[in-house]
Amino acid sequence: MAPHLNIVPSMFVLLLLFISASKVQSDAFDVVAKFGAKADGKTDLSKPFLDAWKEACASVTPSTVVIPKGTYLLSKVNLEGPCKAPIEINVQGTIQAPADPSAFKDPNWVRFYSVENFKMFGGGIFDGQGSIAYEKNTCENREFRSKLPVNIRFDFLTNALIQDITSKDSKLFHINVFACKNITLERLKIEAPDESPNTDGIHMGKSEGVNIIASDIKTGDDCISIGDGTKNMVIKEITCGPGHGISIGSLGKFQNEEPVEGIKISNCTITNTSNGARIKTWPGEHGGAVSEIHFEDITMNNVSSPILIDQQYCPWNKCKKNEESKVKLSNISFKNIRGTSALPEAIKFICSGSSPCQNVELADIDIKHNGAEPATSQCLNVKPITSGKLNPIPCSGPVPKTPSATA
């Protein structure tokens with residue numbers, strides 16, 4: 001049985017928190033009116049933004065930092081807690097990063113750290129201006145990539161609500177959620193060109209009670225990627241594509257990775273992506289565990305690999321090809337998944353020979369190949385539990401002999 005997901009209660013508590021905070025007159029800290037920011041697209045917003053944050057964070061009553069409409073240049077900012085009362089950021093304008101990647105010496109642009117009872121909203125845009133970075137970000141240029149910034153980082157937040165924000169053209173990931181508890185991201189818009197490398201829409205790790213709801217993600221890598229230590233998570237009502245789908249992983253590349261468990265992905269539409277519902281682990285490398293992962297009520301439109309478990313994940317062919325993955329996968333389900341596949345192989349279950357997948361369920365699957373050939377299903381080291389209408393027939397196709405090179 002799946003572990004109890006405390007998502008709905010946490011969302012209710014979060015809603016009550018912000019309703020109760022709104023009943024108290026919040027102090028407004030306007031970066032333009034009070035701190036001298038200029039919406040001219042040239043003057044650095046960093047100092048006015050940080051000064052406004054520090055005053056708001058020190059307030060003993062609920063406070064709101066306001067970034068009015070207009071275009072602002074922001075070199076980088078690190079906004080730290082703990083704060084003395086609930087704090088909000090009302091972003092109405094467009095905030096732009098320096099276009100030149102050499103302006104960054106570490107992977108941070110906008111970072112929120114160690115904050116409780118936090119809300120960000122307002123319809124504003126965080127524009128990473130990543131086009132120059134995309135041209136230089138190759139698999140050989142690791143040092144360059146290591147300094148590319150994430151658009152927005154949420155690190156060590158508790159009870160947070162992120163609403164109605166756009167992330168555009170990030171140089172690396174759009175949003176990174178790390179070590180957070182009870183954080184909801186909803187009605188987000190994420191956009192970058194489909195050829196933009198490593199621009200995951202939302203990535204998270206070592207977090208519990210994460211909710212991603214009613215968001216539109218178009219990017220060059222995973223729309224959502226779930227790293228180690230993620231527990232009790234809900235993803236629903238997501239529109240994904242272009243991109244690489246919604247992925248658990250990659251996992252097993254590093255030592256001491258924490259288990260991933262209790263993830264439900266439902267009511268999503270995935271269009272023109274390389275992958276759809278995916279779990280990916282590295283061959284060889286290190287151990288780990290993934291359990292209670294449930295993909296339900298998902299529409300696939302022209303997706304190259306709609307349903308994929310890939311325990312031979314080997315992007316750029318940089319892995320131990322002759323070793324089995326040490327990550328244990330169990331209690332995984334794919335239910336009511338329908339649509340079309342761009343390639344004949346609509347379902348691929350490539351599990352580890354040393355640690356075969358356990359309790360993998362397929363129910364009510366109807367995926368048709370867009371081409372002349374019928375859709376097929378491939379299985380390696382797994383015996384799926386099946387029910388309902390199933391198209392393609394489970395495990396009806398040949399198994400690939402080499403690790404996959406898709407990212």
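Backbone N, Cα and C atoms are what each Cβ position is placed from, and that goes for glycine too.
When DSSP labels each residue, the repeat 'PbH1 1' (180-206) comes out as 0 helix, 13 strand, 14 coil, counted as helix, strand and coil in that order. Annotated repeat 'PbH1 1' per Swiss-Prot: 180-206, in sequence order, evidence recorded as sequence analysis.
According to Swiss-Prot, the N-linked glycosylation site annotation covers ASN182 (among others).
When Cβ-Cβ distances below 8 Å are used as the criterion, the repeat 'PbH1 2' (207-228) is approached by residues 6-7, 10-11, 134, 174, 177-201, 234-249, 251, 254, 257-260, 263, 270, 273, 288, 407 of the same chain, each at least six residues removed from its ends. Per Swiss-Prot, the feature repeat 'PbH1 2' maps to 207-228; the stated evidence is sequence analysis.
In the three-state DSSP scheme, ASP221 (active site, proton donor) is classed as coil. Taken from Swiss-Prot, the feature active site, proton donor covers ASP221, and the record attributes it to similarity to another entry.
The disulfide bond annotation in Swiss-Prot covers CYS223-CYS240 (among others). Applying an 8 A CB threshold to same-chain residues 6+ apart, the list for CYS223 (disulfide bond) reads ILE190, ASP200, GLY201, ILE202, ILE217, ILE238, CYS240, GLY241, GLY243, HIS244, GLY245, ILE246, ILE270, THR273.
Look at Swiss-Prot and you will find HIS244 tagged as active site, backed by sequence analysis. Take the CB of HIS244 (active site) and look out to 10 A: across all protein chains shown you find 28 other CB atoms. Secondary structure at HIS244 (active site), taken from DSSP and collapsed to helix, strand or coil, is coil.
Taken from Swiss-Prot, the feature repeat 'PbH1 3' covers 260-281, and the record attributes it to sequence analysis. Residue counts for the repeat 'PbH1 3' (260-281) by DSSP state, with H, G and I taken as helix and E and B as strand, are 0 helix, 20 strand, 2 coil.
Other Cβ atoms within 10 Å of the Cβ of ASN267 (N-linked glycosylation site) number 15 in total over all chains. Annotation comment: Swiss-Prot describes ASN267 (among others) as N-linked glycosylation site.
The local packing around ASN272 (N-linked glycosylation site), expressed as other Cβ atoms within 10 Å of its Cβ over all shown chains, amounts to 15. Positions annotated as N-linked glycosylation site by Swiss-Prot: ASN272 (among others).
Per Swiss-Prot, the feature repeat 'PbH1 4' maps to 290-311; the stated evidence is sequence analysis. Taking the repeat 'PbH1 4' (290-311) as a whole, pLDDT averages 99 in the prediction.
Under the heading N-linked glycosylation site, Swiss-Prot lists ASN302 (among others), citing sequence analysis as support. ASN302 (N-linked glycosylation site) carries a strand DSSP state (E or B).
The N-linked glycosylation site annotation in Swiss-Prot covers ASN331 (among others) and rests on sequence analysis. Of all Cβ atoms in the protein chains displayed, 19 besides its own lie within 10 Å of the Cβ of ASN331 (N-linked glycosylation site). In this structure, ASN331 (N-linked glycosylation site) is part of a beta strand by DSSP.
Per Swiss-Prot, disulfide bond is recorded for CYS351-CYS357 (among others). Secondary structure from DSSP puts CYS357 (disulfide bond) in coil.
Positions annotated as repeat 'PbH1 5' by Swiss-Prot: 357-384. Within its own chain, the repeat 'PbH1 5' (357-384) has Cβ neighbours under 8 Å at 300, 302, 306-307, 309, 311, 328-351, 390-400, counting only residues six or more beyond its boundaries.
Positions annotated as disulfide bond by Swiss-Prot: CYS379-CYS395 (among others). Around CYS395 (disulfide bond), the same-chain residues six or more apart in sequence whose CB sits under 8 Å from its CB are PHE349, SER377, GLN378, CYS379, PRO384, listed in sequence order.
Most other Cβ atoms within 10 A: among the disulfide-bonded residues CYS240, CYS357, that distinction falls to CYS240. Through the fold, the repeat 'PbH1 1' (180-206) approaches residues 10-11, 13-14, 130, 134, 137-138, 145, 148, 154-170, 172-174, 212-230, 233, 240, 242-243, 258 of its own chain, all at least 6 residues removed from its boundaries and within a Cβ separation under 8 Å. The Cβ of ASN182 (N-linked glycosylation site) has 24 neighbouring Cβ atoms from other residues within 10 Å, across all protein chains displayed. Of all the recorded positions listed here (ASN182, ASN302, CYS351, CYS357), CYS357 has the Cα closest to the Cα of ASN331 (N-linked glycosylation site).
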